[in-house]
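So that you can see what the record holds, here are the features copied from TrEMBL:
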TRANSMEM  B:12-30  transmembrane segment
TRANSMEM  B:37-56  transmembrane segment
DOMAIN    B:72-118  domain 'NADH-Ubiquinone oxidoreductase (complex I) chain 5 N-terminal'
TRANSMEM  B:85-106  transmembrane segment
DOMAIN    B:135-418  domain 'NADH:quinone oxidoreductase/Mrp antiporter transmembrane'
TRANSMEM  B:306-325  transmembrane segment
TRANSMEM  B:331-355  transmembrane segment
TRANSMEM  B:376-398  transmembrane segment
TRANSMEM  B:413-437  transmembrane segment
TRANSMEM  B:458-478  transmembrane segment
TRANSMEM  B:574-594  transmembrane segment
DOMAIN    B:616-679  domain 'MrpA C-terminal/MbhD'
TRANSMEM  B:656-675  transmembrane segment
DOMAIN    B:692-770  domain 'MrpA C-terminal/MbhE'
TRANSMEM  B:696-717  transmembrane segment
TRANSMEM  B:751-769  transmembrane segment
Amino acid sequence: MRTIIFRFTAPYLTSLMVLFSIFVLLRGHNEPGGGFIGGLIAASAFAIYGIACGVAPVRRALYFHPMTLAGGGLILAVLSGVLSIVFGIEFLTGLWAFPTFLGTEVALSTPLFFDIGVYLVVVGAISTIALALEEREDD
Amino acid sequence: MDGLNGFDADLGYLALALPFIAAVLAPLLTRVMKSHAAWLLALAPAGAFWIFLSGLREVAEGTVHRFGFEWIPSFDIDFSFRLDGLSLIFALLITGIGTLIILYAGGYMKGHKDQGRFLSFMLMFMGAMLGLVLADDLMTLFVYWELTSITSFLLIGFDHTREKARRGAVQALVITGGGGLALLAGFIVIREVTGLTSMSDILAAGDVLRQSAAYLPILILVLCGAFTKSAQMPLHVWLPNAMEAPTPVSAYLHSATMVKAGVYLLMRMQPALGDTTLWMTILPAFGGVTLVMGALLAVRATDIKITLAYTTVASLGLLVMLIGVSSETAIIGATLYLIAHSLFKGGLFMVAGSVDHGAHTREIDKLGGLARSMPVTFLAAMLCALSMGGVTPFIGFLAKEEIYHAVEYADPYYIAIAAAAILGNALMFAAAFIVALKPFVGSMPAEIHDPHEGELRIWLGPLVLGVLSVVAGLYYGVYHEFFSSPMASAAYGEAVEIEIGWVPHLNLAFALSMATIALGIAIYVGSAALRAVLSRMLAAIGWGPDMGFDQAMRGLVRFASKVTNLIQSGRLDYYMTTVVVAVVVALFASMWLADGFPEMPTIPQIKIYEWIVLGLILLGILAVVIAKDRLTAIVSLGIQGFAVALIFMLQGAPDLAFTQFMVETLSVVILALVMTRLKLSPADHRPLREKLPDALLALAGGAGFGLFLLAVIQTPFDSTLSDFFERYSYAIAHGRNIVNVILVDFRGVDTMGEIAVVMTTGLAVLALIRIRVGRRGERTIDPLEKTP
């Protein structure tokens, strides 16, 4: 699989896919997309990178162990629910704020952070599996 | 809760919590202060004792305190307590003897490297036992009941490097824990039948319980709990084996307190469950057999601790027998005996520990002549033994007189009980002096070197208990007013007056008492011969409940391994077949039972490009079936998946299509990677007759899903939910993508559960991948696996 063309293009392809996955994640509330699908895209990006260039560069690029990402995502999702309790409403009830940022109104909400949590869990769990499977004894 | 007049409920909570607080502090304090920590830790039970003592006068006047709070309101379960005569006297015994025991343990275990752990377990047990006797709500009682079993397990197995200690611990846990489960079932039946959840309510509704159709199952289940805990034959085996524990444990758990939990439960429930033919038959039968057999085994034993253990079994039998008789005098007798027994048996166990400590043996044949070097211990031993033997003016005498008053009727029922009581008491009289007199008199065997008296904490406990045994007997008026009468009243269900004193009156009961003592002296003198006869008899029988326990456990393990082998073959294809068969059965059975098979659908207008996509799907499936090797089949499966995604796209569900694309891609990639890992043969080489069942099963599964989906879309569509989401998705959740809004907002908790599952699956798969198959087929986890 490690042809020179594939190895050369894989990093660009991966960067594009990760960027796209974040785009899909953020647009998800109003257009097709969301954390789950975004996470799948990012996970396949890392899988491609791993197939092309080996697992070690992927692990270096990710910096954290993918399972740590997944754990962090789960914690983020839970915390975004807990925040509602802090504000005295029921667990996981959406909180919304619309601050103006550089002249543009930005919608910030706890469901957004919840969705980011979903994204991280999916990326983390699936990359864990894919990378572990790609890893060879000689890597 | 109401009814809080005078007694401070907050202090009640404090008293309940004190032992647990001390248990947490014990390891730390012991590290800092060594064995002196026991002085400080003993303040916890002493404080609790003081708090309960403050309620003594009110309770003696008949006040019942109830305190607690709601615990699980949806199930009507409270965390509540009841302080009346019965629970108060028990609480005083637990905390009072507990104080002495903690001090004793401080001296006895001095220098032991795990003393902190030991004291912590002891205090935990104390807290559990205290909660047990005070609990009002049935579930509260059950929780504490099981806690005593668990802490007792920890204490018996304290010296866990010895196999016998581990076996004793497991045996005690299996028997008492099993009984606890029966008790739980009994409580649940009581709740179901009467709707009552607390002891206080149950005591007020005895007639309802006794006349209920479920009286027999309730009685059997409750008795299972009580008999296992209070070591009735043949479930007594764990008690002698529990002697593997250090002596403070035996003195506290296995004489004064824990084994009384069953007796406590019987006394507590006697007003509600007792006074029926069943009660008056079952209890005396088990109790009587336990009394006589236990006392015989006590005389047979050569280890003084085992002797004491069997006299405890016998005493518990006596108590159960008396509670079974249910008459007022019998209950009074049981009450008096229970208090007396807690004092003298706790003391005698501590004496046995001191003897062991001083002479380094507990074998009765190797002991003698210790009185000169251990005078205080000898004095304490004699005081306790005289009470146990029922000699006036000790409280043991009051108990025995009252017991004989209860059975002095010319009726076969009472004669049988009286006979058991006299024989058992005489044997226990002999056992008392075997333990308390024999090691101290006569000539000292040469093997004993340098016997010595223990420190203050070692002899203080037995001496205090021995002195109390005689003081309470002498001042019986005060004793009855504050201690025995309130307790007996609660156990009997009506106020009772106790008049028995230490001055003997010439009557039948006194004559029986004298006969007992005479018989006891005779047995003491002939104890060596009796022991030899009993040993030969037991050897001839060659089987006992203890061996039966081992056989039952071995059978259980064999049964478990058979069942496991049957349902866990370890072959992936079997598991998959099982799952698919289950799915097929579920699909067809539900359609068949609900008469929900779909009607023949009308073929809709299908456009040309839709035909092409359908053709693609069929092509993909065909490719899977005819593929030469597994890898090709996996990739071909992807064709079919992509085609389905196309259909989603054409039908206007871009979200679904999008996800389907990604899932298909990733599953093909991961399956292909797994294939390279598993070292499977590249193709399926099985002959057709082995493939055929799998093929048929696959067809059945596909047909099942197809028919089921058809049936689903033929039912009229209920648009309530989709209307709701359409209306509110943007209005209250600020999102136009309904699917996403449902996922992250409306059904956020579901999603949270799902991502937790995704993560757990990832972890599990990671663990599976990291397991390497070792050279000899053993699976090991590679410790050198790098985790960046």
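Each position is counted from 1, following the chain as shown.
Cβ atoms are placed via backbone N, Cα and C, with glycine included.
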Legend entry - Cβ-based contact of the transmembrane segment (B:696-717) with the transmembrane segment (B:574-594), 3 or more pairs under 8 Å: yes
Inset, instruction - State the non-local partners of the transmembrane segment (B:458-478) in its own chain: residues 6+ outside its ends, Cβ under 8 Å from one of its Cβ atoms. - result: 97, 100-101, 103-104, 107-108, 251, 339-340, 343-344, 346-348, 350-351, 353-354, 357, 376-377, 379-384, 386-387, 392-398, 500-502
Inset, instruction - Sort the residues of the domain 'NADH-Ubiquinone oxidoreductase (complex I) chain 5 N-terminal' (B:72-118) into helix, strand and coil with DSSP and give the three counts. - result: 31 helix, 8 strand, 8 coil
Legend entry - Remote residues contacting the transmembrane segment (B:85-106) - C-beta distance under 8 A, at least 6 residues beyond either end: 15, 19, 35-39, 41-42, 44-46, 48-49, 52-53, 55-56, 59-60, 115, 118-119, 122-123, 126, 129-130, 133-134, 246, 248, 251-252, 256-257, 260, 264, 267-268, 339, 342-343, 346, 350, 353, 457-458, 460-461, 464-465, 483-491
Legend entry - Closest-packing stretch to the transmembrane segment (B:306-325), where packing means Cβ pairs under 8 Å, from B:37-56, B:376-398, B:413-437, B:656-675: B:413-437
Inset, instruction - Mind pulling out the one from B:37-56, B:376-398, B:413-437, B:656-675 with the most Cβ pairs under 8 angstroms to the transmembrane segment (B:331-355)? - result: B:376-398
Inset, instruction - Report the mean pLDDT of the predicted model across the domain 'MrpA C-terminal/MbhE' (B:692-770), rounded to a whole number. - result: 89
Legend entry - Chain residues in Cβ proximity to the transmembrane segment (B:656-675) (below 8 Å; excluding those fewer than six residues from its ends, i.e. six or more beyond): 630-631, 634-635, 637-638, 641-642, 644-646, 648-649
